[in-house]
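Colleague: Relevant sequence annotations retrieved from Swiss-Prot are reproduced here:
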ACT_SITE  Cys75  active site, proton donor
ACT_SITE  Cys219  active site, proton acceptor
BINDING   Asn13, Gln46, Asn66, Gly76, Asn77, Asn159, Asn192, Glu210, Arg211, Gly220, Ser221  substrate binding site
SITE      Phe270  site 'Important for dimerization'
Amino acid sequence: MHFHFSKMHGLGNDFMVVDCITQNIFFSPDLIRRLADRHTGVGFDQLLVVEAPYDPETDFHYRIFNADGSEVEQCGNGARCFARFVRMKGLTNKYSINVSTKKGKMVLKIEDNDLITVNMGIPEFEPGKIPFKAKQPEKTYILRTDVHTLFCGAVSMGNPHVVTVVDDVDTADVDTLGPLLESHERFPERVNAGFMQVVNREEVRLRVYERGAGETQACGSGACGAVAVGITQGLLAENVKVRLPGGDLHISWQGPGKPLLMTGPATHVFDGQLSC
């Protein structure tokens, strides 16, 4: 099998992006894991696959696979790279691009300043739709592990997120708590774990341990989930700068029932071709 690909990143969250409209490729979990290996493969956090639309009201179908081969519902940084890729490769000439995902639909807008704004949809706090095991929605939940008791918010941005407010992200024990939260029994489909330091009402610092990928340089949906939780807990304003290890994202949300907007860059690194 021979195919072309692009390597891209959104604030250091890196992707292998493949056009599966003009190329016929099947990505098995084993192949994805081999390609994701940073020593013997291409190396990436996620594989992004561009497919023809499943829905006549959309322009493309957007699929995301983690480095462990699992398919996931959402990736905000990937969505920005997806938009740049389909424009760069001549698959569309639109500046506003409608895509479907495993869990819903998104609108990707290429801005004049070369940034990309993604309409991430309406944050979902209903436990059963996250999914999260709880009797009713709460602004803050208590999660217990064998040795830790954590106060967290939970939300779906098309994929599940748990958010813990910390005093300092630099000293947060992400390496220990990330895996414990990711596989916590109250999240039946596992979860992305965010650790948020509130600098002020319009700025936060964030580290994210991603489900199936580990800690990444940036997580777009994680930034969105963190801000949504922060706003519902009364900690943040409607417009927030999120400072991640890989760079900054700007998140805007007017509150319950309203769509959340994420704005940030998407960088093309190189094009390549593989035979495997």
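Here the Cβ of each residue, glycine as well, is placed from N, Cα and C on the backbone.
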Colleague: Taking the active-site residues one at a time (Cys75, Cys219), which has its Cβ surrounded by the most other Cβ atoms within 10 Å?
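Modeller: Of the active-site residues Cys75, Cys219, the most buried by Cβ count within 10 Å is Cys219.
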Colleague: Report the same-chain neighbours of Ser221 (substrate binding site): residues 6+ apart in sequence with Cβ closer than 8 Å to its Cβ, ordered by sequence.
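Modeller: The answer is Gln74, Cys75, Gly76, Met120, Met157, Gly158, Asn159, His161, Asn192.
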Colleague: For the C-alpha pair, I'd like the distance in angstrom between Asn77 (substrate binding site) and Cys219 (active site, proton acceptor), rounded off.
Modeller: 6
Colleague: From the Cα of Asn13 (substrate binding site) across to the Cα of Phe270 (site 'Important for dimerization'), what is the distance in angstrom?
Modeller: 15
Colleague: Which binding-site residues (Asn13, Asn66, Arg211) fall within 10 Å of the residue listed as 'active site, proton acceptor' by Cα distance?
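Modeller: Correct set: Asn13.
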Colleague: Taking DSSP three-state, what's Asn13 (substrate binding site) in: helix, strand or coil?
Modeller: strand
Colleague: So around the substrate site, Asn13, Gln46, Asn66, Gly76, Asn77, Asn159, Asn192, Glu210, Arg211, Gly220, Ser221 aside, which residues have their CB within 8 A of the centroid of those CB atoms?
Modeller: Asp45, Ile64, Val72, Gln74, Cys75, Gly78, Val208, Ala213, Thr216, Cys219, Gly222
Colleague: In this structure, which of the binding-site residues Asn13, Asn66, Asn77, Asn192 has the fewest other Cβ atoms within 10 Å of its Cβ?
Modeller: Asn66
